[in-house]
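These come from Swiss-Prot:
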ACT_SITE  Tyr138  active site, proton acceptor
ACT_SITE  Lys176  active site, proton acceptor
BINDING   10-11, 31-32, Lys38, Lys53, 74-78, Asn91, Lys142, Val168, Lys176  NADP(+) binding site
BINDING   Asn167, Arg178, His185, Phe199, Ala200, Gly201, Trp202, Arg212, Tyr291  substrate binding site
Amino acid sequence: MIVVTGAAGFIGSNLVRGLNRRGIQDIIAVDDLTDGDKFRNLVDCSIADYLDKDEFRERVRGGNLPALRAVLHQGACSDTTERNGRYMLDNNYRVTLELFEYCQAERVPFLYASSAAVYGGSSVYVEDPANEHPLNVYGYSKLLFDQVLRTRMDSLTAQVVGLRYFNVYGPHEQHKGRMASVAFHNMNQFLAEGHVRLFAGWDGYEDGGQSRDFISVEDVVAVNLHFLDNPGQSGVFNCGTGRAQPFNDVAAAVVNTLRAERGEAALPLAELVKKGLLRYIPFPDDLKGRYQSYTQADVGRLRAAGFSAPMRDVQTGVSEYVRYWRALK
(Lines of atoms letter the chains of each structure in order from A and count residues from 1; the text may use other names and numbers.)
(Lines give C-alpha, C1' and ligand atoms only; values in the text may rest on other atoms or scores of the structure.)
Protein backbone atom coordinates (compact mmCIF):
# COMPACT_ATOMS: atom_id res chain seq x y z
CA MET A 1 0.00 0.00 0.00
CA ILE A 2 1.26 3.51 -0.87
CA VAL A 3 0.02 6.60 0.96
CA VAL A 4 -0.31 9.85 -0.98
CA THR A 5 -1.14 12.86 1.18
CA GLY A 6 -2.60 15.93 -0.48
CA ALA A 7 -3.99 13.38 -2.94
CA ALA A 8 -6.88 15.58 -4.09
CA GLY A 9 -4.54 18.50 -4.63
CA PHE A 10 -2.46 19.54 -7.59
CA ILE A 11 0.75 17.54 -7.35
CA GLY A 12 -0.79 14.79 -5.23
CA SER A 13 -3.51 13.92 -7.73
CA ASN A 14 -0.98 13.86 -10.55
CA LEU A 15 1.17 11.49 -8.49
CA VAL A 16 -1.82 9.18 -8.04
CA ARG A 17 -2.28 9.17 -11.82
CA GLY A 18 1.40 8.45 -12.29
CA LEU A 19 1.12 5.45 -9.99
CA ASN A 20 -2.06 4.32 -11.76
CA ARG A 21 -0.25 4.42 -15.11
CA ARG A 22 2.13 1.87 -13.62
CA GLY A 23 -0.80 -0.34 -12.67
CA ILE A 24 -0.59 0.61 -8.99
CA GLN A 25 -4.01 1.02 -7.36
CA ASP A 26 -3.24 0.02 -3.76
CA ILE A 27 -3.19 3.67 -2.75
CA ILE A 28 -4.50 5.37 0.37
CA ALA A 29 -5.46 8.91 -0.64
CA VAL A 30 -5.29 11.44 2.20
CA ASP A 31 -6.63 14.98 2.01
CA ASP A 32 -8.96 17.60 3.46
CA LEU A 33 -12.08 17.94 1.33
CA THR A 34 -13.48 20.94 3.16
CA ASP A 35 -13.23 22.45 -0.32
CA GLY A 36 -15.50 19.78 -1.76
CA ASP A 37 -14.78 20.66 -5.37
CA LYS A 38 -11.32 19.12 -5.03
CA PHE A 39 -12.97 15.70 -5.35
CA ARG A 40 -12.91 16.31 -9.11
CA ASN A 41 -9.14 15.77 -9.09
CA LEU A 42 -9.66 12.17 -7.95
CA VAL A 43 -12.62 11.18 -10.12
CA ASP A 44 -10.49 9.51 -12.79
CA CYS A 45 -8.06 7.96 -10.27
CA SER A 46 -8.08 4.41 -8.91
CA ILE A 47 -7.43 4.20 -5.16
CA ALA A 48 -7.99 1.61 -2.44
CA ASP A 49 -9.14 4.00 0.30
CA TYR A 50 -9.60 7.65 1.21
CA LEU A 51 -8.85 9.13 4.64
CA ASP A 52 -9.47 12.61 5.95
CA LYS A 53 -6.18 14.21 6.97
CA ASP A 54 -7.20 14.45 10.64
CA GLU A 55 -8.18 10.78 10.82
CA PHE A 56 -4.93 9.87 9.07
CA ARG A 57 -2.92 11.91 11.57
CA GLU A 58 -4.59 10.12 14.46
CA ARG A 59 -3.85 6.75 12.86
CA VAL A 60 -0.21 7.72 12.43
CA ARG A 61 0.00 8.74 16.08
CA GLY A 62 -1.67 5.50 17.13
CA GLY A 63 0.34 3.29 14.81
CA ASN A 64 -2.91 2.14 13.22
CA LEU A 65 -2.02 1.79 9.54
CA PRO A 66 -1.59 -1.24 7.26
CA ALA A 67 1.83 -2.30 6.01
CA LEU A 68 3.08 0.45 3.71
CA ARG A 69 5.38 0.37 0.72
CA ALA A 70 5.96 4.15 0.79
CA VAL A 71 4.53 7.50 1.85
CA LEU A 72 4.45 10.33 -0.72
CA HIS A 73 3.73 13.38 1.43
CA GLN A 74 2.38 16.29 -0.63
CA GLY A 75 -0.19 17.65 1.82
CA ALA A 76 0.57 21.14 3.16
CA CYS A 77 -0.57 24.73 3.27
CA SER A 78 1.00 26.11 0.09
CA ASP A 79 -0.24 29.70 0.42
CA THR A 80 2.97 31.72 0.48
CA THR A 81 1.05 34.79 1.72
CA GLU A 82 -0.33 33.03 4.84
CA ARG A 83 0.84 34.98 7.91
CA ASN A 84 -0.40 32.63 10.66
CA GLY A 85 2.87 31.02 11.64
CA ARG A 86 1.36 28.70 14.22
CA TYR A 87 -1.01 27.24 11.63
CA MET A 88 1.71 27.02 8.99
CA LEU A 89 4.22 25.27 11.22
CA ASP A 90 1.69 22.71 12.44
CA ASN A 91 0.54 21.86 8.90
CA ASN A 92 3.88 21.98 7.13
CA TYR A 93 6.45 21.10 9.79
CA ARG A 94 4.84 19.20 12.65
CA VAL A 95 2.78 16.84 10.45
CA THR A 96 5.85 16.12 8.31
CA LEU A 97 7.90 15.37 11.42
CA GLU A 98 5.26 12.97 12.76
CA LEU A 99 5.10 11.12 9.43
CA PHE A 100 8.88 10.96 9.27
CA GLU A 101 9.11 9.42 12.75
CA TYR A 102 6.42 6.87 11.87
CA CYS A 103 8.13 5.90 8.62
CA GLN A 104 11.50 5.57 10.33
CA ALA A 105 10.01 3.35 13.03
CA GLU A 106 8.32 1.16 10.40
CA ARG A 107 11.22 1.36 7.89
CA VAL A 108 8.99 2.86 5.19
CA PRO A 109 10.41 5.07 2.40
CA PHE A 110 9.26 8.68 2.87
CA LEU A 111 9.20 11.22 0.04
CA TYR A 112 8.03 14.70 0.95
CA ALA A 113 7.43 18.05 -0.71
CA SER A 114 9.89 20.76 0.23
CA SER A 115 10.03 24.03 -1.72
CA ALA A 116 12.32 26.43 -3.54
CA ALA A 117 10.83 29.04 -1.19
CA VAL A 118 13.54 28.01 1.29
CA TYR A 119 16.02 29.99 -0.83
CA GLY A 120 14.12 33.26 -0.52
CA GLY A 121 16.21 36.14 -1.80
CA SER A 122 19.30 34.03 -2.44
CA SER A 123 20.88 34.17 -5.88
CA VAL A 124 22.33 30.67 -5.55
CA TYR A 125 19.98 27.67 -5.67
CA VAL A 126 22.22 24.89 -4.43
CA GLU A 127 21.08 22.62 -1.59
CA ASP A 128 23.31 24.18 1.05
CA PRO A 129 22.44 26.04 4.28
CA ALA A 130 24.48 29.05 3.14
CA ASN A 131 21.91 29.69 0.39
CA GLU A 132 18.73 29.28 2.44
CA HIS A 133 17.09 32.58 3.39
CA PRO A 134 13.27 32.22 3.28
CA LEU A 135 11.26 35.41 2.85
CA ASN A 136 8.06 34.14 4.47
CA VAL A 137 6.81 31.68 7.06
CA TYR A 138 5.83 29.22 4.32
CA GLY A 139 9.45 28.97 3.20
CA TYR A 140 10.60 28.69 6.81
CA SER A 141 8.10 25.90 7.53
CA LYS A 142 9.61 23.90 4.67
CA LEU A 143 13.20 24.67 5.66
CA LEU A 144 12.63 23.48 9.22
CA PHE A 145 12.09 19.87 8.25
CA ASP A 146 14.90 19.93 5.69
CA GLN A 147 17.14 20.89 8.61
CA VAL A 148 15.82 17.97 10.68
CA LEU A 149 16.57 15.57 7.84
CA ARG A 150 20.14 16.82 7.60
CA THR A 151 20.74 16.14 11.28
CA ARG A 152 19.34 12.60 10.93
CA MET A 153 20.94 11.54 7.65
CA ASP A 154 23.55 9.32 9.31
CA SER A 155 20.98 7.35 11.32
CA LEU A 156 18.16 6.76 8.81
CA THR A 157 16.46 3.36 8.84
CA ALA A 158 14.70 3.92 5.48
CA GLN A 159 14.81 6.27 2.52
CA VAL A 160 13.87 9.91 3.08
CA VAL A 161 13.80 12.34 0.14
CA GLY A 162 12.86 16.01 0.23
CA LEU A 163 12.09 17.56 -3.15
CA ARG A 164 12.39 21.33 -3.40
CA TYR A 165 9.73 22.09 -5.98
CA PHE A 166 10.32 25.17 -8.08
CA ASN A 167 7.45 26.77 -10.06
CA VAL A 168 5.17 23.87 -10.93
CA TYR A 169 2.38 24.19 -13.50
CA GLY A 170 -0.01 21.77 -15.14
CA PRO A 171 -3.39 20.02 -14.97
CA HIS A 172 -5.52 19.84 -11.82
CA GLU A 173 -4.40 23.07 -10.17
CA GLN A 174 -7.67 24.97 -10.72
CA HIS A 175 -8.70 24.75 -7.04
CA LYS A 176 -5.62 26.70 -5.93
CA GLY A 177 -7.13 30.08 -6.79
CA ARG A 178 -4.57 32.88 -6.59
CA MET A 179 -1.85 30.32 -5.75
CA ALA A 180 -2.30 28.54 -9.09
CA SER A 181 0.52 28.88 -11.59
CA VAL A 182 1.09 31.93 -13.73
CA ALA A 183 0.33 29.76 -16.78
CA PHE A 184 -3.13 29.00 -15.39
CA HIS A 185 -3.84 32.67 -14.69
CA ASN A 186 -2.46 33.82 -18.04
CA MET A 187 -4.71 31.34 -19.83
CA ASN A 188 -7.83 32.46 -18.02
CA GLN A 189 -7.01 36.15 -18.43
CA PHE A 190 -6.55 35.80 -22.16
CA LEU A 191 -9.75 33.82 -22.61
CA ALA A 192 -11.74 36.32 -20.54
CA GLU A 193 -10.16 39.62 -21.58
CA GLY A 194 -8.21 39.02 -24.77
CA HIS A 195 -4.87 39.96 -23.22
CA VAL A 196 -2.45 38.91 -20.48
CA ARG A 197 -1.16 41.17 -17.70
CA LEU A 198 2.36 40.83 -16.32
CA PHE A 199 4.36 42.81 -13.78
CA ALA A 200 6.34 45.71 -15.19
CA GLY A 201 10.05 45.95 -14.57
CA TRP A 202 11.43 46.15 -11.04
CA ASP A 203 14.54 45.10 -9.13
CA GLY A 204 16.70 45.39 -12.25
CA TYR A 205 14.40 43.33 -14.46
CA GLU A 206 12.71 44.47 -17.66
CA ASP A 207 8.95 44.36 -18.14
CA GLY A 208 7.89 40.74 -17.76
CA GLY A 209 11.53 39.81 -17.34
CA GLN A 210 11.33 38.39 -13.84
CA SER A 211 12.35 34.77 -14.31
CA ARG A 212 11.57 31.49 -12.61
CA ASP A 213 12.43 27.85 -13.05
CA PHE A 214 9.06 26.66 -14.38
CA ILE A 215 8.59 22.89 -14.24
CA SER A 216 5.74 20.80 -15.64
CA VAL A 217 3.92 18.67 -13.09
CA GLU A 218 4.55 15.71 -15.39
CA ASP A 219 8.28 16.14 -14.80
CA VAL A 220 7.67 16.49 -11.05
CA VAL A 221 5.86 13.14 -11.12
CA ALA A 222 8.77 11.58 -13.02
CA VAL A 223 11.24 12.78 -10.36
CA ASN A 224 9.11 11.34 -7.55
CA LEU A 225 8.81 7.99 -9.30
CA HIS A 226 12.56 7.92 -9.90
CA PHE A 227 13.20 8.08 -6.16
CA LEU A 228 10.44 5.58 -5.46
CA ASP A 229 12.32 3.22 -7.77
CA ASN A 230 15.65 3.94 -6.07
CA PRO A 231 15.19 3.49 -2.32
CA GLY A 232 18.92 3.71 -1.70
CA GLN A 233 18.87 7.45 -2.43
CA SER A 234 18.15 9.89 0.42
CA GLY A 235 18.58 13.61 0.96
CA VAL A 236 17.26 17.00 -0.12
CA PHE A 237 17.14 17.62 -3.86
CA ASN A 238 16.09 20.52 -6.06
CA CYS A 239 13.16 19.65 -8.32
CA GLY A 240 13.36 22.07 -11.21
CA THR A 241 14.53 22.05 -14.80
CA GLY A 242 17.79 23.92 -14.22
CA ARG A 243 16.54 26.53 -16.69
CA ALA A 244 15.21 29.98 -15.72
CA GLN A 245 12.75 31.53 -18.16
CA PRO A 246 10.99 34.90 -17.96
CA PHE A 247 7.29 35.36 -17.35
CA ASN A 248 7.19 36.79 -20.87
CA ASP A 249 7.95 33.30 -22.20
CA VAL A 250 5.04 31.77 -20.27
CA ALA A 251 2.61 34.41 -21.47
CA ALA A 252 3.80 34.12 -25.08
CA ALA A 253 3.41 30.32 -24.98
CA VAL A 254 -0.13 30.66 -23.61
CA VAL A 255 -1.23 33.32 -26.09
CA ASN A 256 0.32 31.69 -29.14
CA THR A 257 -1.15 28.27 -28.27
CA LEU A 258 -4.60 29.81 -27.95
CA ARG A 259 -4.09 31.75 -31.17
CA ALA A 260 -3.16 28.52 -32.95
CA GLU A 261 -6.45 27.05 -31.77
CA ARG A 262 -8.16 29.81 -33.78
CA GLY A 263 -5.94 29.23 -36.80
CA GLU A 264 -3.89 32.38 -36.09
CA ALA A 265 -0.13 32.56 -36.52
CA ALA A 266 2.30 32.65 -33.61
CA LEU A 267 3.74 36.10 -32.91
CA PRO A 268 7.09 37.12 -31.41
CA LEU A 269 7.09 38.85 -28.02
CA ALA A 270 7.52 42.37 -29.41
CA GLU A 271 4.52 41.93 -31.69
CA LEU A 272 2.38 40.50 -28.87
CA VAL A 273 3.16 43.61 -26.83
CA LYS A 274 2.59 45.95 -29.78
CA LYS A 275 -0.85 44.44 -30.41
CA GLY A 276 -1.77 44.77 -26.74
CA LEU A 277 -2.00 41.02 -26.23
CA LEU A 278 0.60 41.31 -23.47
CA ARG A 279 0.32 44.27 -21.11
CA TYR A 280 2.36 45.34 -18.11
CA ILE A 281 1.09 46.61 -14.76
CA PRO A 282 3.10 48.36 -12.01
CA PHE A 283 4.93 46.05 -9.63
CA PRO A 284 2.91 45.94 -6.37
CA ASP A 285 4.47 47.79 -3.44
CA ASP A 286 3.39 45.10 -0.98
CA LEU A 287 5.46 42.48 -2.81
CA LYS A 288 8.69 44.46 -2.85
CA GLY A 289 11.23 42.74 -0.65
CA ARG A 290 9.04 39.62 -0.38
CA TYR A 291 9.18 38.41 -3.97
CA GLN A 292 11.59 36.05 -5.72
CA SER A 293 12.40 37.80 -8.99
CA TYR A 294 14.66 35.01 -10.19
CA THR A 295 14.96 31.28 -9.49
CA GLN A 296 16.95 28.61 -11.27
CA ALA A 297 17.45 25.19 -9.73
CA ASP A 298 20.91 23.74 -9.59
CA VAL A 299 20.07 20.17 -10.60
CA GLY A 300 23.54 18.74 -10.10
CA ARG A 301 22.54 16.62 -7.09
CA LEU A 302 19.37 15.42 -8.85
CA ARG A 303 21.33 14.31 -11.90
CA ALA A 304 24.00 12.71 -9.70
CA ALA A 305 21.20 10.71 -8.05
CA GLY A 306 20.51 9.12 -11.42
CA PHE A 307 17.59 11.16 -12.75
CA SER A 308 18.58 11.59 -16.39
CA ALA A 309 15.28 12.26 -18.19
CA PRO A 310 15.01 15.52 -20.16
CA MET A 311 12.60 18.13 -18.80
CA ARG A 312 10.15 20.25 -20.73
CA ASP A 313 10.96 23.87 -21.45
CA VAL A 314 8.20 26.48 -21.07
CA GLN A 315 7.29 26.50 -24.74
CA THR A 316 6.71 22.74 -24.75
CA GLY A 317 5.21 22.23 -21.30
CA VAL A 318 2.91 25.25 -21.22
CA SER A 319 1.62 24.53 -24.73
CA GLU A 320 0.82 20.94 -23.66
CA TYR A 321 -0.98 22.28 -20.60
CA VAL A 322 -3.07 24.79 -22.55
CA ARG A 323 -4.10 22.17 -25.10
CA TYR A 324 -5.02 19.76 -22.30
CA TRP A 325 -7.16 22.39 -20.56
CA ARG A 326 -8.90 23.46 -23.74
CA ALA A 327 -9.72 19.84 -24.63
CA LEU A 328 -11.78 19.66 -21.42
CA LYS A 329 -13.98 22.58 -22.45
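Glycine is no exception: its Cβ is also placed from the backbone N, Cα and C atoms.
Swiss-Prot feature annotations superimposed on the structure.
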residue : record                       : contacts (Cβ under 8 Å, 6+ apart)
Phe10   : NADP(+) binding site         : Asn41, Val168, Gly170, His172, Glu173, His175, Lys176, Val217
Asp31   : NADP(+) binding site         : Thr5, Gly6, Ala7, Ala8, Gly9, Gly12, Lys38, Tyr50, Asp52, Lys53, Gly75
Ala76   : NADP(+) binding site         : Gly6, Asn91, Asn92, Val95, Thr96, Ala113, Ser141, Lys142
Tyr138  : active site, proton acceptor : Cys77, Ser78, Asp79, Thr80, Glu82, Met88, Asn92, Ser115, Ala117
His185  : substrate binding site       : none
Ala200  : substrate binding site       : Asp207, Gly208, Tyr280, Ile281, Pro282, Phe283
Trp202  : substrate binding site       : Gln210, Phe283, Lys288, Ser293
Candidates Lys38, Lys142, Lys176: member of the recorded positions with the richest Cβ shell (10 Å): Lys142
Diameter of the substrate binding set by C-alpha atoms, the set being Asn167, Arg178, His185, Phe199, Ala200, Gly201, Trp202, Arg212, Tyr291, in angstrom: 21
Nonlocal neighbours by CB distance (under 8 Å) for Gln74 (NADP(+) binding site), same chain, sequence gap 6 or more: Val4, Thr5, Gly6, Ala7, Gly9, Ile11, Gly12, Leu15, Tyr112, Ala113
Assigned element (helix, strand, coil) containing His185 (substrate binding site), judged by DSSP: helix
Secondary-structure category, per DSSP, in which Asn167 (substrate binding site) falls: strand
